[in-house]
Amino acid sequence: MAADDTEAPVLSEDEVWEFCLDKNEEGGGSPGSDVTDTCEPPCGCWELNPSSLEEEHVLFTAESIISSFNNDDTRVVRVKVIAGIGLAKKDILGASDPYVRVTLYDPMSGVLTSVQTKTIKKSLNPKWNEEILFRVLPQQHRILFEVFDENRLTRDDFLGQVDVPLYPLPTENPRMERPYTFKDFVLHPRSHKSRVKGYLRLKMTYLPKNGSDDENADQAEELEPGWVVLDQPDAATHLQHPPEPSPLPPGWEERQDVLGRTYYVNHESRTTQWKRPSPEDDLTDDENGDIQLQAHGAFTTRRQISEDVDGPDNHESPENWEIVREDENTIYSGQAVQSPPSGHPDVQVRLAEELDTRLTMYGNPATSQPVTSSNHSSRGGSSQTCIFEEQPTLPVLLPTSSGLPPGWEEKQDDRGRSYYVDHNSKTTTWSKPTMQDDPRSKIPAHLRGKTPVDSNDLGPLPPGWEERTHTDGRVFFINHNIKKTQWEDPRMQNVAITGPAEPYSRDYKRKYEFFRRKLKKQTDIPNKFEMKLRRANILEDSYRRIMGVKRADFLKARLWIEFDGEKGLDYGGVAREWFFLISKEMFNPYYGLFEYSATEDNYTLQINPNSGLCNEDHLSYFKFIGRVAGMAVYHGKLLDGFFIRPFYKMMLQKLITLHDMESVDSEYYSSLRWILENDPTELDLRFIIDEELFGQTHQHELKTGGSEVVVTNKNKKEYIYLVIQWRFVNRIQKQMAAFKEGFFELIPQDLIKIFDENELELLMCGLGDVDVNDWREHTKYKNGYSLNHQVIHWFWKAVLMMDSEKRIRLLQFVTGTSRVPMNGFAELYGSNGPQSFTVEQWGTPDKLPRAHTCFNRLDLPPYESFDELWDKLQMAIENTQGFDGVD
């Protein structure tokens, strides 16, 4: 393709067109674009950008361009990218820096060419006003507009896309009375995970062909008034945006939170969800009731399923050691942050060599897998099975120093400073580990969120085991290795099926016992505190009853709760159920007091900084919630909800550090961490934070005159500290003060400080995982049942077959709560103190199981088959709600 520059007339700046030649031959690319601009016949592109002309670009008038491509198949389309409207905010350090990538593509052959607009700094309503000319095949080509937020720290954030077919576009006609105007296109997500909003304002028209102005004018007059951009049926699916969503069912509303995430509000059931509902998904009242009955275990189950599952065969080599830097407790001091000794190559190499020596001496469990053969039988016959068994990890590989958790070792560097090696995770730290660390953090990812186990798929028996049937029909197992028999299935000890065992924490136990002893028993209060409530109005009724108490000490009396229209005496079980139900209401984002945090786990709660816009009496409600939380701790009950770690730190008046940000918002943490480890001067950051409210962006100064203060290497620690204070403390200071006022009316503030933030969470909310081995080990049997009874074998087999949610629901059915105490089922409490989980033989096989939540007892009829027990147990769990005989 060639042109004569000398014949082109002198043009004004507005008439200058930049023509992008074929970059396949010249190897060029548009400035700032990360996609190579290539033009392949029959296509071309021109960008109206006179300020960035380069030597290889050739200037044309409109007539010369059109004459160059005057044929029956191709057309020249003029694309004007005008502006963006109400874009989503993705830049956590300020307003977004959007640009548009315009891609011409063929659904059959792929991308033909791509150009990029300039970047508009710090705007959610950018104005580009850039024009581009493309030579296209109207019936075959499409144009994809992608909006991105330029990010100098990480990859650019996606803000939305518009996919436009070219065949219905109108043709320009200068003789028309009414000129062609812009159109606003809704920005669409790339996938269901994309968070986008706003519009892209575009103007797209064909240039008229030479000698056919009248014909094109007629076509334009016909198309322009009703110009609607439609999807071409045969377009490439990977470049198409999703179809327009169907209307929301009646009673639903679409909203966006302060983080720009779209969620949906059901005003009939007063619930929120992330998934867009459809009319087909609209549930009946009965189905909504079933969902409400299932909701008590939903939080724990969702939290486990949302985590990534690692394969069990993912072995690590000695070289895959991670170096953990010093805790951020000192990042705000005047001294420079120091890394632990493992950051020094000589120490790291020495540790790796030491581990490698041990692996060589005793065998590497990740690579040494001897093959053993064993004959074992079942009722279906015998077979010979080759079992690949891993070499067990030898204790010498996990040395443990005195006073440290298992697998931890204390060492000293060359300067005599002590540091600690965690051989479990292969990390080092300056901080001395404690025994009371959150046990759930030690659980491998591949052991969480297990799918249900099929009754015939518990896996093969261990080597040397055989299954046989007794003369009375009971199944027993023979261990030929030690020549012993037992009734219990050895596969039920498999931790991958039963769930992780919680480590016993004697430190926490001593703290808890001390805490219970120090809680003062009031003598000048009534014997009991009565509450008569309606299930349908449990939040309002509870609020009026509890906030109507002038003297908070009355709330320390024995709780006596009655639900309207239900029979039963409350010996503790109904009170525990009330704590579960009121938790579900108090922490429901529908009411605007709390919101989901910005973690990958979207169900961890934090206080909504804009709660005052949702409820004028929000501070009174936060005091009420504080009182309820204090009542739960005082009476030894549990709340059904987990909060972000800074919430518990604020209760303990502890400093919130950068490390606490990691579990709440990983992107924010990464950006602040980058600032901490690099010189941020070139970013031109200021001591300000952009906050979006009702579609408007507001600037908040982190300190007086912050908009004029540039973040530099000298003041970056102050900047990080102020950002963290604004993110977690300043915005919710009034709400948190009201919550603590209510909580400390029942629990002394000094007494609660004996716990750390992890222990405080477990004190208020209990464990989040159910360990079936621990559950079974601390279960008692009555009235003819025993561990070796056939019905009990079926019962525990049913528990193993349940997924995490079902196990939680069974636990709530029997105990009245979806949580268990910190130290597991050994410290399960009933109405009169410690009360073990108990299974008692009761009734006839035609009865459903029943529960006594006050005494943690399950009345289980002697069913005649496993299937019958499974069906009846499922039915009881699904349909129970305070019926007669269950207290």
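Every residue gets a Cβ built from N, Cα and C, even glycine.
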Listed residues Ser52, Ser212, Ser431, with the one flagged phosphoserine by Swiss-Prot:
Ser212
Going by Swiss-Prot, point out which residue in Ser194, Ser306, Ser342, Ser455 is annotated as phosphoserine.
Ser306
If I go by Swiss-Prot, the feature motif 'Nuclear export signal' sits on one of 351-361, 472-482, 747-757. Which?
351-361
Summary of DSSP states over the domain 'WW 3' (459-492), given as helix, strand and coil counts:
3 helix, 13 strand, 18 coil
Mind looking up the mean pLDDT for the domain 'WW 1' (246-279) in the predicted model?
71
The domain 'WW 2' (402-435) - residue tally per DSSP class, helix then strand then coil:
0 helix, 13 strand, 21 coil
Within 10 Å of the Cβ of Lys847 (ubiquitin cross-link), how many other Cβ atoms can you find? Include all protein chains, please.
15
